[in-house]
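Feature annotations, reproduced from TrEMBL:
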type	residues	note
TRANSMEM	B:65-82	transmembrane segment
TRANSMEM	B:119-139	transmembrane segment
TRANSMEM	B:151-172	transmembrane segment
TRANSMEM	B:178-199	transmembrane segment
Amino acid sequence: LDDDFGKDEL
Amino acid sequence: MNIFRLTGDLSHLAAIIILLLKIWKSRSCAGISGKSQVLFALVFTTRYLDLLTSFISLYNTTMKVIYIGCSYATVYLIYMKLKATYDGNHDTFRVEFLIVPVGGLAFLVNHDFSPLEILWTFSIYLESVAILPQLFMISKTGEAETITTHYLFFLGLYRALYLINWIWRFYFEGFFDMIAIVAGVVQTILYCDFFYLYVTKVLKGKKLSLPA
């Protein structure tokens, strides 16, 4: 699971 | 963060809470499509896996946990605790006709062919059509409880506000995500018919009944 994936929008 | 995205998130949260409270307090899920609620739980599960990999902000994490928790609680109430009140005869939309094409499209059209990105894309496409079983059920029963129409109004309003948020972000930040925007436009268009009925009927104190 790559850690730069995070989406800031819900 | 901008005011449109914040009010959009709060509208989404309001919808989720309204539905959960309606089912919990009335001890009944009559008129509610369990299939749509399962699809929403699937949307949140596939979209918020980044809870396990990255921390954006307390707000981001808190809202994601609340959305996932409430959607699973709603599905639990419908299919377990209050199963006797579930109106399965009218909740007959073939969700496989949604999941298969959406799953296929997520593999074909995405920003990056990685598991998390494909799951996120799947959740974006699925969310745009997840309300169809609920709208279909209302068309079959021919009516909807007023509290259910408020739920649908806030649910539809949330993505409409996100559309404005994306215009705002494009103009001020040069940010835009075509996949989310196209799916968001489709999603909001699906509510137009309902919005018309909501404004012309429910806001005038009448019951929402079809045909209009």
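Using the three backbone atoms N, Cα and C, a Cβ is placed for every residue, glycine included.
Across B:65-82, B:151-172, B:178-199, the stretch most heavily in contact with the transmembrane segment (B:119-139), judged by Cβ pairs under 8 Å, is B:178-199.
Only residues 6 or more beyond the boundaries of the transmembrane segment (B:178-199), in the same chain, are considered here, and those with a CB under 8 A from a CB of the stretch are 109-111, 121, 124-125, 127-129, 131-132, 135, 149, 152-153, 155-156, 159-160, 162-163, 166, 208, 210, 212.
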